[in-house]
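A.B. asks: TrEMBL lists 279-340 with the feature compositional bias 'Basic and acidic residues'. Feature annotation from TrEMBL assigns domain 'Thioredoxin-like fold' to 38-129. Annotation source TrEMBL lists domain 'Metaxin glutathione S-transferase' at 190-254. The region 'Disordered' annotation in TrEMBL covers 270-340.
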Amino acid sequence: MTTETDTKPPAVHKLDFEKDVVYLYQFTRTPVLPSLSPYCLKVETWLRLAGLKYENVDHKMKYKSKKGQLPFVEVNGEEVADSAIIIKELGQRYNQDLDAGLSAEQRNVAHATISMIENHFAWVVKSWRTKNPAGMLGAYKMDLQQITEKKWPKPVLEFIFKLKFRRAAKKVRAHGIGVHKPEEIEEFGHNDLMVLSDLLGDKPFFFGDSPTTLDVVAFANLAQVAFMDKEVSYTLRDWMTENCTNLVEFCNRVKERAFPDWDDMCTNLDLNSHLPKPPPEEEKKEEEKKEEEKAKEEEKKDEKEKEKDDSEKEKAQKDEKEGEKEDNKKTEEKEKEEKK
Ligand SMILES: N[C@@H](CCC(=O)N[C@@H](CS)C(=O)NCC(=O)O)C(=O)O
């Protein structure tokens, strides 16, 4: 029996999807880090550490999830939105739990710390970004023409970008943190960084030798500060570099483990540097030329064989005729002999 759900097309953008491949929708790359969204970087880092097969969809920033945000993923024709829900759903579906080895107490610490990072520290950084749109463009070396794929003059694009940021600044106020003075907000940031630095101590990851979800979230947010362009001044970044060297080292550790292709992706701004590439156009042409030459040679060989066959056939026919003539002659001679 065909039900309505069987006949309904899947509610996804990627229709030619491969089974069990996670299609990730996020922002474009930047020359300093793979994503300037901590939530997008969180999902991609987790996908890599969990070892799931995934592909970024180059949607030119056209789509948002049904909840109105990025990131979201599509898997087997189904959309899953929100970084925390994506990680929980995919983890359960593909049996990948980075936190499997944690005790109940460690899980509580992780939960509280992740909440601090995403509901407090992330807003400290967001508040700096929204108040410094020019600083943000420079910090992440953002090329608006490349990001939007619009050839409009840069000042026009920058004007639109700043308008968007005015809207984002309203959200920062609505969150609550935006009502404070910049120096007060910065101090909130110092307090969060101190907590993270103390928790990490001299361990490679927050709970020991293996990365867990807390490491993924901490990395995705700290990387936004640690890896921004050094030419751009941001006092919180300078404070972290000076007072929390273990957090900077931690960022480099996770970067090396999860993103060995970091430099490539930040240079080529390639969303899928982890996937095997189809042969480049030149190589493809060369291969096609070789195939063509091979086919021509085969054709020539066939023709020669045919010519050889034809001449052999002709010779055989001739021989047969000669043989027949000889036989007839012999019969005639025999008949003549008999008549005598
Ligand atoms: N709770 C969400 C937050 C995602 C989020 O805030 N995404 C931002 C970009 S960093 C976004 O899409 N903003 C667009 C908007 O809110 O209109 C998650 O964890 O995925």
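From the backbone N, Cα and C atoms, a Cβ is placed for every residue, glycine too.
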A.B. asks: Per DSSP, what is the helix/strand/coil residue tally across the domain 'Metaxin glutathione S-transferase' (190-254)?
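C.D. replies: For that range the per-state counts are 44 helix, 2 strand, 19 coil.
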A.B. asks: Write out how many residues of the domain 'Thioredoxin-like fold' (38-129) are helix, how many strand and how many coil, based on DSSP.
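C.D. replies: Residue counts in helix, strand and coil order: 50 helix, 11 strand, 31 coil.
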